[in-house]
Amino acid sequence: MNEQFIQFPQIDPIIFSIGPIALRWYGLMYLIGFGFAYWLGMRRAKNSNGVWTTEQVDQLIYTCFWGVILGGRIGDVFFYNFDRLLQDPMFLFRIWEGGMSFHGGLIGVIVAMIWVSFRQKRSFWNTADFIAPLIPFGLGMGRIGNFINDELWGRITDVPWAVLFPSGGYLPRHPSQLYEFFLEGVVLFFILNWFIKKPRPAGSVAGLFLIGYSVFRFLVEYVRDIDPNVNTVDDLITRGQLLSLPMIIGGLAIMIWAYSRKKA
């Protein structure tokens, strides 16, 4: 029966290793994502008529890099794997094993943006609107890393493109990581970069990002397998959806505020 479905490609999560040092696909995907964000940010700085300098973008990307890494890891552990942390405190530091929370990473990036805005004496919303269109590609690369790591797969299904994941018991499952790659990494990227082609009120780009990501994440959660270690609310809403709802509301509030200020 399972012959009709797609076999998970056997990809070694480690690309190569030299002694105790190993380069993993998961880490490489993040580096590619940040590399692309850096390149795109520099390109936008050169076309910003002096609003941004390449030095300022360099500082912003570097600071946000650490915000994502630290916030993403801490968020994953505290939001989704707190019980495991209590059993094995060193789990927090084994980032190479995978496990990065977008919501934790977002908190880390917000802290980084506040610090950079203060240092550069610019509006927080100016910083947020600049960084938002740089994020989706990196999100998509992270989902590719999840796919290669054979983690965060979807629920059991009989769709023709179902994948037989080894850690999922070789049962046909939704490749939910690839759904998120397409929606969060590709579709959202084009939406935001189309949106910024015209002048927009301060905060509107960041607001649209929050709405777009959260709606896509909320929808994919319906086919993403529920982590048995993470509670749901009466089996009606997942932890990921619960964390996404405030972001949808917040994004809408920011958009309304941004456009109401413009009219005023």
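Cβ coordinates are placed from backbone N, Cα and C, and glycine is handled just like the others.
For reference, Swiss-Prot has these:
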type     : residues : note
TRANSMEM : 14-34    : transmembrane segment
TRANSMEM : 60-80    : transmembrane segment
TRANSMEM : 98-118   : transmembrane segment
TRANSMEM : 128-148  : transmembrane segment
TRANSMEM : 176-196  : transmembrane segment
TRANSMEM : 203-223  : transmembrane segment
TRANSMEM : 240-260  : transmembrane segment
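Within the chain, the transmembrane segment (98-118) has long-range Cβ neighbours (under 8 A, six or more residues past its boundaries) at 26, 30, 59-60, 63-64, 66-81, 124, 126-128, 131, 135, 139, 142, 145-146, 149, 151, 213, 217, 243, 247. Simply put, out of 60-80, 128-148, 203-223, 128-148 has the most Cβ pairs sitting under 8 Å from the transmembrane segment (176-196). Panel annotation: around the transmembrane segment (128-148), residues 11, 13, 25-30, 32-34, 36-37, 40-41, 44, 52, 60-61, 64, 68, 98, 100, 102, 109, 113, 175, 177-178, 180-182, 184-186, 188-189, 192-193, 195-196, 200, 202-206, 208-209, 213 of the same chain, lying at least six beyond its termini, place a Cβ under 8 Å from a Cβ of the stretch. Distant neighbours of the transmembrane segment (203-223): 102, 125, 128-129, 132-133, 135-136, 139, 154-155, 157, 174, 176, 179-180, 183-184, 187-188, 191-192, 195-196, 238, 240-241, 244-245, 247-248, 250-255, 257-259; these residues of the same chain sit at least 6 beyond its ends, with a Cβ under 8 Å from one of its Cβ atoms. Sequence-remote contacts of a segment are chain residues at least 6 beyond its ends whose Cβ falls under 8 Å from one of its Cβ atoms, and for the transmembrane segment (14-34) they are 61, 65, 68-69, 96, 98, 100, 137-142, 144-146, 148-149.
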